[in-house]
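Listed in TrEMBL for this protein:
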| type | residues | note |
| --- | --- | --- |
| TRANSMEM | B:12-33 | transmembrane segment |
| DOMAIN | B:14-280 | domain 'ABC-2 type transporter transmembrane' |
| TRANSMEM | B:191-212 | transmembrane segment |
| TRANSMEM | B:233-255 | transmembrane segment |
| TRANSMEM | B:261-281 | transmembrane segment |
| TRANSMEM | B:288-310 | transmembrane segment |
Amino acid sequence: MLYHLWVNEWKRLLKSPTLLLFTLLLPIALFIVVGFVVYSTVQEELDEVEMIIIDEDETFETKALIKQLAGDRTLAEQIDFINGGADLQKHLRNPKEAAAIIQIPEGFTEQLRSGKNESITVFLNDQIPFSSQLAQLFLESGQSYITSAQAGVNTVHHFYSSELEGKERKDVLQKNTIHFTFLALGRNDLFEMHEGVASGLLSWNDQAVLTGILLIYFLTYILLVSLFQPKENQAIQERLRLIGVTKAKQRLATFLFHISFSWIYLFVLVWMISKQFETYLPFSWPYVFQWFGIAMILAGLFMVTDRLINERASKWFVFILASIALLLINGFIIPPAYLPEYLQAAWLAPVRSLYIGYSSILTHNQWPWVEWIFILIGTGITLLLNSLPRKKVQR
Amino acid sequence: MLIIWKSIFKRITTWVLMVLIPIVLGIIIYPMIKDTVSQVSVPITVVDQTDQAITEELLKEIEDSPFQVTKTESLDLRLLSTGEAEAIFVFNDELEANILSGNTDKIVTWYRTENSYVDGLFKEKLASAIMSRVVRAEAASIVSHYRPETEWDEVFKYGLKYFDPRPIFEMKFEHIHSAQNTSSIDSGNQLLFIIMWLYLSMLIGYFTKILYEWRTDGILERLKLLQQTQYYYWSWFIGVLAITYSFSFVAIQLIEVPLNNWAYFIPFGTVLICFLFFILVKKKWSMYAWLISYSVASFIIFLLADWQIIESEWMYLFIPTWLLG
């Protein structure tokens, strides 16, 4: 009987090919369009970030500053400093590809040397948001080093070089400026870095692929469940009851239908992605099985909410909320290491099996047997809740 | 007409959608999400085997957010492989003495993995805190060299005035071409606004579904005979509009999004588009499909427009973007 109910669910799906096509294509189309727009914008913008410098002061110090900024080893390849001459207004009216225009005001060096805080104005070009944000990040990080360097120069000047005269004074000042600028910008020498391979975290790439697949799948699943809801027909229910088909059995059939649909969908999706982008996602069976586990848990969650709540809007609300909470606790939305401590509690470990499974597969190359057992137990619990008589559940 | 509205308000779903869900979202879920997001942090471990006073000072200077720093006395690299630490920084046993004497090469050992994401930011903050001491010590050494009579400590302390209370060198960031004053709005509010609109469109979708039910139940047919269909359409339209505007009014009070003149038409536009779907699309589920597509597309276009990735006239076809217009 269960088999016939299950087949019936598939028939119902195939009866509306347009709606089915919509369910299958909308999430993918959205993902591709948004991904393409964002990717191409970011790519185009970050190809080379241009910064125009209007140096109205033109002293040895400002020139050294520009030279040092341009020579920073972390970002030098991406950032191109352009000498913008003296006409600030011209560049403000037409910033073209410049992410930021940096204006060093006249008298800047003198003020700085005398210990006054004379700020440099940075005009960020909001038309190219990614580049201008990168420029801001870069310049903000530069602030503390320039303060350090200038603090060194000023201190020595106060106690020593200010008492010197003429050329000697100028030479000592220049020498100290270079010395302290190099010292402050050479902050990477403070560290000895060791980079290991073994990690409990997923790489950016793995995390991005995982979130991408999850988004597409979750949206598809929600569309499938909402657009192909069975009709509540009194007469049909009456007839089903006569031949011994309980509500629990109907829900079980729907559960099996959701799982079979999801398994086919996820297998095809993972297979296609791994065919197209093998470097990002090499095909592996444990990876696919882990997705099958997620599908089982989500379908189980839907079955239980359907069992506990009759009213449609509340049912949907609770199901979406519970799924999002589950995905959050697992670390799909925010990587698990960054979650608040109460969400990282040890007793939640079995609930986190959906995500931990991936870190076993992707970073440790192991089959996540323990996590799969937890997923099976989770599915078992949902099946149990489905078949309990209503009164027992309510109590 | 009243009978029909009475029947609508008799349904539990109407009350669940209009009252229960917004209340649960506003009172329980939203504060919970806010709380969780504020607690999101990057775990960093600092190892100081000799429990030096300077370690405390440095960690105090580095702003906590977004890092959660744990100080230990022994190095445990397993923390990296379990994901409990994003990176581990081991301080040299004689950190302060090394800084003061200018022996600053590799005074901190930094362990990370190829999958560590944002530990570089912590490294920059730590480097900046250490560097403020290194330059002052260097300046004191230079001055002592040329002016042996000067107190080393005095010079070292003097340098502090360039860091405190404000650093001597600051940049002032301004925006050019910031479209429609949006850059000054907290982006969190924009996200909240579009989520609320998404909910609103689903709520209107629910009321549109009722129109389909009238159609299948033959109510509209019968009204046609009495030539009163228009009258009922108007009643539906005005009723839904009233609900939508009161809902929006309460929502806007809560999220404090600055409004322009076009923003007041957003609820009206949304009701109108749902009504158009009803006129043009015959099947209830197809209407849902159209409404979902339109709403999700609007959600994305709104965010892209808010981030200024797209900026063209056609984006105003998607109603929420009127807020940015």
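Using N, Cα and C of the backbone, Cβ positions are placed for all residues, glycine too.
Remember, TrEMBL labels are computer predictions, not curated facts.
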Tertiary contacts of the transmembrane segment (B:191-212), as residues 6+ beyond its ends and Cβ separation under 8 Å: 8, 13-14, 17-18, 21-22, 25, 236, 240, 243-244, 247-248, 251, 255, 257, 266-267, 270-271, 274-275, 277-278, 284, 287-288, 291, 294-295, 298-299, 302-303, 319-320, 323
Long-range neighbours of the transmembrane segment (B:288-310), counting only residues six or more past its ends (CB under 8 A): 179, 182, 187, 190-191, 194, 197-198, 201-202, 205, 208-209, 273-274, 277, 281, 318-321, 323-324
Intrachain neighbours beyond the transmembrane segment (B:261-281), with Cβ under 8 angstroms and 6 or more residues off its ends: 197, 200-201, 204-205, 207-208, 211-212, 233, 237, 240-241, 244-245, 247-248, 287, 290-291, 294, 319-320, 322-323, 325
